[in-house]
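Student: Pasting the feature list from TrEMBL:
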| type | residues | note |
| --- | --- | --- |
| ACT_SITE | Y55 | active site, proton donor |
| BINDING | H111 | substrate binding site |
| DOMAIN | 18-282 | domain 'NADP-dependent oxidoreductase' |
| SITE | K80 | site 'Lowers pKa of active site Tyr' |
Amino acid sequence: MSNVPQIKLNNGVLIPAIGTGSWAPNTVEEQSKVKGWILTALQNGYRHIDTAQSYYTEPAAGQAIRESGIPREQIFVTTKLPWNHQECVAQSFEQSLKNLGLDYVDLYLLHWPQPIAHDGGDGYGLLKNADGSIKLSDKINFNQAWVEFEKILESGKARSIGVSNFSVKTLEQLLTTAKHVPVTNQVELHPYLAQEDLRKYCDQKGITLTAYTPSGYATVRADPLIVELSKKYSTTPNQITLAWHIARGTIIVPKSESVERQKQNITLPTLEATDVAKINGLDRGERLCNAPDANGMMYGWTVEQLGW
Ligand SMILES: NC(=O)c1ccc[n+]([C@@H]2O[C@H](COP(=O)([O-])OP(=O)(O)OC[C@H]3O[C@@H](n4cnc5c(N)ncnc54)[C@H](OP(=O)(O)O)[C@@H]3O)[C@@H](O)[C@H]2O)c1
């Protein structure tokens with residue numbers, strides 16, 4: 001068993017604070033490797049897998065769970081609704097269970113707030129209008145989609161429900177109608193994008209933040225302060241950044257295909273409070289994974305609509 005700390009969500013469910021990410025490029029070669037590296041993550045102590053239907057990695061996650069021999073109830077499984085499935089949440093959720101080969105998930109996330117039009121097929125591409133803009137659904141909004149999430153929660157097939165890529169603005173809109181407050185909001189979060197306003201808001205509402213792109217990639221690994229602290233604590237720069245999240249009570253889902261880096265990412269130093277504060281000072285509001293385009297658009301919505 002791993003020594004990863006557990007965090008209690010607002011519904012009382014415990015989640016391991018560190019999970020393995022599972023996004024992979026959608027090529028035959030990359031996808032064929034996924035089961036192998038999720039399996040080594042489980043063998044090396046991870047008990048939390050973050051997948052999504054649109055990553056195409058749900059089947060590999062399910063196979064890795066079964067091959068690991070670890071009892072299902074000891075592994076926390078998160079998956080997400082594709083952005084073009086807000087019109088068909090119940091059907092899409094059943095597809096995710098089928099892909100995973102599981103009869104429940106621990107956490108089901110609304111992957112993006114903006115509802116992309118659905119073409120009825122099983123792809124996750126962005127439908128386009130004649131002018132080249134992304135086609136949004138005119139049949140659904142995220143408040144309505146959340147009602148379907150709440151039905152899934154009440155059915156017991158998801159132990160918890162949450163959101164991803166929501167801002168203070170979109171969370172406020174969601175909470176005008178939500179019966180169940182999301183347990184988590186999974187967002188891009190790292191020392192160059194500390195999201196302090198969102199953190200304060202989520203703290204007040206009992207929503208735990210989950211960081212994606214928790215490392216901040218090579219950009220943050222090369223930051224002089226992160227490098228200096230890695231020498232002080234005799235770790236790698238990546239471990240310093242991940243330890244900073246844990247010190248701030250954030251759930252993280254770092255992804256690595258390498259056994260050595262998987263082990264590093266769950267073996268973290270405890271940072272002194274002064275070092276946490278120094279890393280807080282690196283914030284520069286920089287998105288490294290999902291940044292808006294030159295027109296301020298992000299997958300069909302403006303940054304104003306997203307509240308970014
Ligand atoms: N909700 C969303 O919209 C959303 C968006 C993006 C991502 N996610 C989730 O978040 C997960 C993680 O996000 P991410 O992949 O963007 O960020 P990340 O986990 O911070 O970075 C992954 C990259 O860092 C490398 N790496 C991992 N550990 C390392 C270490 N100890 N030292 C040096 N390099 C290391 C990995 O390479 P190797 O594999 O070669 O080690 C990989 O290239 C995804 O897999 C996915 O599950 C969610």
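Each residue, glycine too, has its Cβ placed from N, Cα and C.
Any TrEMBL annotation is an automated prediction that lacks curation.
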Student: Please report the DSSP secondary structure of Y55 (active site, proton donor), reduced to three states.
Tutor: helix
Student: Which has the fewest other CB atoms in a 10 Å radius around its CB: K80, H111, the listed recorded positions?
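Tutor: Sparsest of the recorded positions K80, H111 by Cβ contacts within 10 Å: H111.
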Student: Which residues in the same chain, at least 6 apart in sequence, have a Cβ under 8 Å from the Cβ of Y55 (active site, proton donor)?
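Tutor: Within the chain, Y55 (active site, proton donor) has Cβ neighbours under 8 Å at S22, W23, A24.
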Student: What's the CA-CA gap between K80 (site 'Lowers pKa of active site Tyr') and the residue listed as 'substrate binding site' in angstrom, rounded?
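Tutor: About 5 Å separate the Cα atoms of these two residues.
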Student: For K80 (site 'Lowers pKa of active site Tyr'), just give me the three-state DSSP call.
Tutor: strand
